[in-house]
Amino acid sequence: MSFFSHLKVEYTAGNIKDWTGRKTALENQYWHQNIKVSNIEKENFDNNIHIGLIGYSCDEGVRRNQGRVGARKGPASVRNKLGKIPIHFSDKNIVDFGNIICVDNHLEDCQKALSKTISKLISKNVLPIAIGGGHDIAYANFSGIKDALKNSTKNNIGIVNFDAHFDLRTVETATNSGTPFNQILSEFKETSYFAIGIQQQSNTKKLFEIADKNNVSYVSNFECEIFTESLKNKLSSFVEKVDYLYITIDLDGFSSAYATGVSAPSPLGFSPNFVFKTLAFLFKSKKVISCDIAELNPDFDVDNNTANLAAKLVDFMVLNA
């Protein structure tokens, strides 16, 4: 029976042809020379896999949220850039498990398929890095984490979201890319949520009220120019209270100077330097259990700069994991 049976979703296993780059006489100098590929339905996990990449090829949630579609092409665009990056690690076995692909408007089935994949990877002691796709990826990823930990006494998860938006919209007619954290906080009430880079002009007054009602911790984009001691202290307090960290990065949180290829670009966002420094601090906690990158839209990218940024974020996560 298929791993994704009864779900209206397509799945394509990892394909080494998706990974290209400079050819050298020396082995394993670049990502494309180091990556392995597999099929999540058939993998037996005998080879001590450290990190598993999985594409979430879906922008139905963005469409429902009245955004600019195209994020379904994100995983392919990231792989194209990631394969060309030099590697600076030798002790990590990384496997690309391919793509989960949304069929028609069946967003919820696509989320269930990703959730099953995340749960399986974590249960095999693999760190998942999911590549979207709309930010509805977050509900799927988090659900997978919770499923993997359902029999564990250590199941207090803290979410750190780099984003211009709270994504706390209430579900009115259907879930979408703007509702994932409202869904999570409603379904898993003990969850702690810290949003980094919130822009007042990108969130309604009602969303700030929902954030306050749910005890959401957040810092505005104006507090994200550099990684300050104040933010370090706030994050330290947050990290100490949880068993695990789930890190999610919505690329629209970056200034459009760095990330044009998103559904909702803004000139007011944070810089890559700030995010890299914050990520390094979070990974030092050794509590990161899963990660994802959302909202890359290649249709609006300029010179593939946003795809390049997303690829370097994945590389940085791997370096620090």
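Cβ coordinates come from backbone N, Cα and C, glycine included.
Pulled from TrEMBL:
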- His135, Asp163, His165, Asp167, Asp250, Asp252: Mn(2+) 1 binding site (BINDING)
- Asp163, His165, Asp250, Asp252: Mn(2+) 2 binding site (BINDING)
Asp167 (Mn(2+) 1 binding site) CB neighbourhood, other CB atoms within 10 A: 28
Close in space, distant in sequence - Asp250 (Mn(2+) 1 binding site), Cβ under 8 Å, 6 or more apart: His135, Asn161, Phe162, Asp163, Ala164, His165, Asp167, Val262, Ala294, Glu295
Binding-site residues compared (His135, His165) - highest count of Cβ atoms within 10 Å: His135
Residues close to Mn(2+) 1 site centre defined by His135, Asp163, His165, Asp167, Asp250, Asp252, Cβ within 8 Å: Asn161, Ala164, Ser177, Gly178, Gly253, Ala264, Ala294, Glu295
Secondary structure of His135 (Mn(2+) 1 binding site) (DSSP, helix/strand/coil): coil
Output field, Mn(2+) 2 shell: CB within 8 Å of site CB centroid, site Asp163, His165, Asp250, Asp252 dropped: His135, Asn161, Phe162, Ala164, Asp167, Gly197, Ser202, Leu251, Gly253, Ala264, Ala294, Glu295
Chain-internal residues near Asp252 (Mn(2+) 1 binding site), provided their CB is under 8 angstroms and they sit 6+ positions away: Asp163, Ala164, His165, Ala259, Val262, Ser263, Ala264, Pro265, Ser266, Gly269, Glu295
Assigned element (helix, strand, coil) containing Asp250 (Mn(2+) 1 binding site), judged by DSSP: strand
